[in-house]
Amino acid sequence: MNYKAVLKNIYQTIIAEENEGKVATYIPELAKVNSENFGVHFLSVDTEEHGIGDWQKKFSIQSISKVISLSLAYKIFGDTIWERVGVEPSGTAFNSLVQLESDHGIPRNPFINAGAMVICDMLVTHLKNPKADFLAYVKEICNCDQIQYSETVARSEASIGYRNKALCNYIKSFGNIKNDPKDVLDFYFNMCSIEMNCKELSKTFMFLANSNFKTSKGEKLLNTSKTKRVNAIMQTCGFYDESGEFSFKVGLPGKSGVGGGIVAVHPDRYCITVWSPKLNEKGNSYRGMKFLEAFTTVTELSIF
Ligand code: DON
């Protein structure tokens, strides 16, 4: 397969078309990003790699970070995490509160904001220096040194984060947040503010694609069963109430972020990251979805 030619063709086709959707503005700092940024990075398990367009520019990974926090909590606590968060698609927006009341504070899955906060709470309890330790973990699985939180983005989100604050406090009222909501939210906003480029994201997600993956310290992160499960949750819940659509059109486990990034994983074959800040109505990158649909269609490399 000539991946380079396929990627280039799709990129040129999509960049010539109208760039629909809107950049997220509810986090004031994200509204400042140039909406025409468009980057792609492909990395195969046998280390073939190709970057196109703005693949070297850093962007706010936002909800993509929820996969990293889930993997760390899963590694530390094992299957006990499922006592506090479910594995069902919610069919609701990423920031929805509605199901928490009837579900007694147990979020449907770890990728909606509510579920990600419960996972953050577990990490805040366990890690000595939660923010520093989490960042060190991200660097270790990415095997990259230049990864940072964006204080500016984290502060910007905290300044308007009324809904997330409501979510966290509401879950606390059911007893499913153990720490002070302020500490959990601080960790959550910082986690979402991590900045990476497309290549760093493809590398970070290799632990879900390559069964021989080892961290920079030579450790295996998750065993085969846990890896399968994280991929399964990305497949069913990675795009909120557009998860079915992504599965239908792209056919890969993946995760989106409101910064316009999408990472998709083909177990045993490759990771691919697309970044384009304009989002569709469901909060997922418009061009990212289009690019990945075309990629798995042309290459016939989806998991189905
Ligand atoms: O909590 C929020 O609203 C953001 N920090 C993350 C949301 C997000 O990325 C949704 N993804 N498409």
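Each residue, glycine too, has its Cβ placed from N, Cα and C.
Owing to the predicted nature of the structure, the values given are computational and were not obtained by experimental measurement.
For Ser63 (substrate binding site), applying a Cβ distance below 8 Å and a minimum sequence separation of six or more within one chain yields Phe94, Phe111, Asn113, Ala116, Cys192, Lys255, Ser256, Gly257, Val258. According to TrEMBL, the feature substrate binding site maps to Ser63, Asn113, Glu157, Asn164, Tyr188, Tyr240, Val258.
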Using DSSP, would you call Tyr240 (substrate binding site) helix, strand or coil?
helix
DSSP on Val258 (substrate binding site), three-state: which is it?
coil
Which binding-site residues out of Asn113, Asn164, Tyr188 lie by ligand 1, going by a Cβ under 6 Å?
Asn113, Asn164
For a quick check of understanding: among the binding-site residues Tyr188, Tyr240, which residue's Cβ has the most other Cβ atoms within 10 Å?
Tyr188
